[in-house]
Every structure is written in C-alpha cells, then in structure tokens.
Amino acid sequence: MTYLLALDQGTSSSRSIVFDTQGRIVASAQLELPQIYPRPGWVEHDPREIWRTQLATAREALAKAGLAAADIRALGITNQRETTVVWNRATGQPIHHAIVWQDRRAEPLCAQLREAGHADTIQRKTGLLIDAYFSGTKLRWILDNVNGARAAAERGELAFGTVDSWLIWQLTGGRRHVTDVSNASRTMLFNVHTNQWDDDLLALLEIPRALMPEVLPSAADFGRTAAEVLGGEIAIGGVAGDQQSALFGQACFSAGMAKNTYGTGCFMLMHTGGVFQTSANGLLTTAAAQPTAAPAYALEGSVFVGGAVVQWLRDGLRAIEHSGQVQQLAESVPDSGGVMMVPAFTGLGAPYWKPDARGTITGLTRGTTIAHIARAALESIAFQSAALLLAMSRDAVASGGAPVSELRVDGGACVNNLLMQFQADLLGIPVVRPACVETTALGAAYLAGLSSGVYQSTEELSALWKAERRFVPTLDKHRADELMARWEHAVAQTALAA
C-alpha cells in the first residue's frame, strides 16, 4: 500500500493525517497550540511550539497507522497563512515570536502606505489590499523593533518565512529555505504576475531580499526530511496555504468552481483559472495552489465571524451549554420570527470591509425567544456567505464567465444541516458536502501525491472526490431575494451602531 502524510498547521492546533491513495483517512493526531496575547490587538505564537506540536503529531499519526517513514510516498504541508517567522540561519532559532495573521500591530504602517498612495500599485501587483493581515508589514515591524535584526538581515544572517517555510527548514535540518506560490502570494511582497518577489515592493517596505525564501510551485521538490526527524527520509512534495489547499482538496480545479470553509470565520474561494481577475466587489485576488508552473488564481472573501457566533451564544448569552445544541434550539422555531442578526463583533470583512461596524440584532418583538435569536445567529453565517458568493458571481459575469453553479463546503460548521439547507435556499444553487470534510489536509496530500507520481493529473483527483450530501434549494427566488434585501438593510444599520 502507498500512503501520504499531510501536516496541517493551523492557528489553534497542529494536526497530522495519514491518507491512503483514495483520499481516505488512515490515522490522525492533533495537539493544541498555545496562543500568546502580549497586548490588545497583538497575537503571537512561539515558533518552537509550532515545530514541537507539529512534529509530535506527525510521529503520533505514523505510530497510530502502524507505518514507518519508508511507507510514506510523500509528505504535504498546509498552514495558517500570513503568520510571520524570522530566524537565525546559523542556529535555526527564531529571533522573535511568530506574528500571527490576526495581529494588528502593523496597522499604523499600513495607514502610512495608504496615505502615500500605494494602494493601487500593491493591488495591481499582488491582488491584495493594504492591510496588517498580510506578512509584509509584520516582517517590517520585526526588522524595526527587534534589536540588531535589520543589520543581521542585511548581512544575510536571517531567514523569513511563513509557517510552511519554518516547518520545511526544521524538517530538512536547515537544508531548504523555500515556500510555495500560494503562501508567497499572501505576503504583500510577491508579484503574482511574474511569480517572483517584487523588488519595488521589497524596497517600499525596506526589506532585504536576502531574507526571502525560494518560491516553488505547490507540487514540487521541497526537499527531504532529515532521517532523524521521522525515522527516515520522506520527500516533501506539496505545500499550500490552508484556504488554497482546501480549494484543491475540494477538487475545484477550473474557473467558476467555489468552496466555502465554515470555521470560526468563513473563507470562500472561487477558482478563476489562469486569469488574474481584480474584483470590483470587495474581494481579494490570490494565487490558487499551482501544481505546475502554469498560473492559477482565485477570488477570495473572508467572513470574520462565522462559527464564532455559536461560541457567543454559548459563552456570551449562555443560551446553550455546548455548540452541538444550537441546531436543535434553532429548529424549535419555524423561522427567525423576523429577527436579523449581524455579528459584526470585530467589524465586517468582505465584501463590505467595514472595520468600525458593530454587531446588531434587529426585529425584536415581545414574542421573540432565545430560539429565534439562535436561529438568526445561525442564519447570519449563511447571509454573510451568500453576500460573498453573490459578489463572486458578479465578478465572474463581468469578466465574461458564468455565475457559480454549485458551492462545495467544508469546516466544522458544515455538519449543521439546518445551516447548509438555508445556505442553499439563499443562494438558489446546490450546496454540496464532501465525504471527506478534512479537505485542507487532503489538498496538501493530493499535491504531494502529484509531485511524487502517485497521481498523474488533476482529472484523476476529480474522480476521487465524492459527495456525502447535496442540499438543493427549496425556497423560491423571490423569497430568497427578499431575505437578502432584509440582510443588506440590517448591514447598513451597523454603521449607525458603530
């Protein structure tokens, strides 16, 4: 038998999954990753803990599967994107905690860049908006604030990487300093047209080029693990940022195919093929996972509060004792009773980009119960995701394509049947849940399998993808449009609440 190992390094945990060549899970392991909050708005991880937990889960998954390194054809890596690590090349030790994608400390620098008129250039070259979310300004902060960092960087003594680069450095014993195009495209330093680090952007942010890793396609030779790491050498054959990896694991390989990941937030990506498409509707353009040197792009939108609204029902309102109870509570009423909730706890993301918005609950009457509020909270996840998909479809049609005809779903909240049915009703298209919902890790395994010859083509991978359940719309379009209009009215009211 042939097996593939996927390392899935996320924001809250490190996981490793062994897959067979049919994409079935053989064994898995997971460890929580400690979060560090030095100041309000700052979020850090200890890079040594990232490595320790990831290595431990890889070893545990292999042990659970009863496999040795020699049984693994190749290893794939998927990771939290944008999180920034800088380490000493000689010692392999980080010079500062990793600055996590959620961290906002670089916002003053971003404001300066916007005020200086650099937004159009950065979007044209990178597909991104100027935001502290991305790696470039985090890296600049480290160079400016860690004693001796800039001088050491200019001497070529330091290495920068997103989490994938850090893991590969550790896995290979410091022999490879590399990343893939999908991770590079989230730095605000990478030109997605040339697939190169952009000298002008590096100069703008005062970042020495010597810091930067080599950029490879997402299915490539990223090196081999040092024998002592996993008990033998394993080829590292696939790397992709978590959302691009999920798009790949969902077998969304051609223009117009889309997936939505329902986690703490929601992340929706629509493949645009080889076309770099700038959104007119508040979306980002990003590099999709690229198994070859051929360019591939996607439109991306992020919802800040998805499943987190269920955590709020549990911890804030104490309406439920555990998250699994929300569907039963919401189903105890036929609808939300006119209640509309906009969970703008941390502002609103795409396609609205209203950082100052605050959450609202409207439509309350004397007859409103906690069940109506729970249902409105669940429905808010679907409303926000529908706004993203409608924006994507407008962009697709404007560029001569067709609107999205099916949405593939994954992430923890996709197991909620009420939510998935309401999502299909709002969108007027089928919502499809796959047999394997671990699509992020599966995407990394598929990329590793392509580079190592386990799979010959993406067509072969498409044939492996299987649906577990298909949610078909049951609401007429007129009613769905009415509901979306009510949602947009509620969103407009969040500006008044700010």
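Residue numbers in this text run from 1 along the chain shown.
Positions of Cβ are set from backbone N, Cα and C atoms, glycine also.
Here's what Swiss-Prot has on this protein:
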{"type": "BINDING", "residues": "T11, S12, S13, T264, G307, Q311, G412", "note": "ATP binding site"}
{"type": "BINDING", "residues": "T11, R15, T264, G307, G412, N416", "note": "ADP binding site"}
{"type": "BINDING", "residues": "T11, R81, E82, Y133, D242", "note": "sn-glycerol 3-phosphate binding site"}
{"type": "BINDING", "residues": "R81, E82, Y133, D242, Q243", "note": "glycerol binding site"}
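Summary of the glycerol site environment: with the site residues R81, E82, Y133, D242, Q243 set aside, the chain residues having Cβ atoms within 8 Å of the Cβ mean position are Q80, T83, W101, R186, G241.
Look at the binding-site residues S12, Q243, T264, N416 and count other Cβ atoms within 10 Å of each Cβ; S12 has the fewest. Remark: of the binding-site residues R15, R81, the most isolated position is R15 (fewest other Cβ atoms within 10 Å of its Cβ). Neighbour density around each Cβ, counted as other Cβ atoms within 10 Å, peaks among the binding-site residues T11, S13 at T11. When the binding-site residues T11, S13, E82, T264 are ranked by how far their Cα is from the Cα of N416 (ADP binding site), T264 comes first. Here the CA atom of R81 (sn-glycerol 3-phosphate binding site) lies 9 Å from the CA atom of T11 (ATP binding site). Cα spacing between R15 (ADP binding site) and G307 (ATP binding site): 20 Å, rounded to the nearest whole number. When every Cα pair among T11, R81, E82, Y133, D242 is compared, the largest distance found for this sn-glycerol 3-phosphate site is 15 Å.
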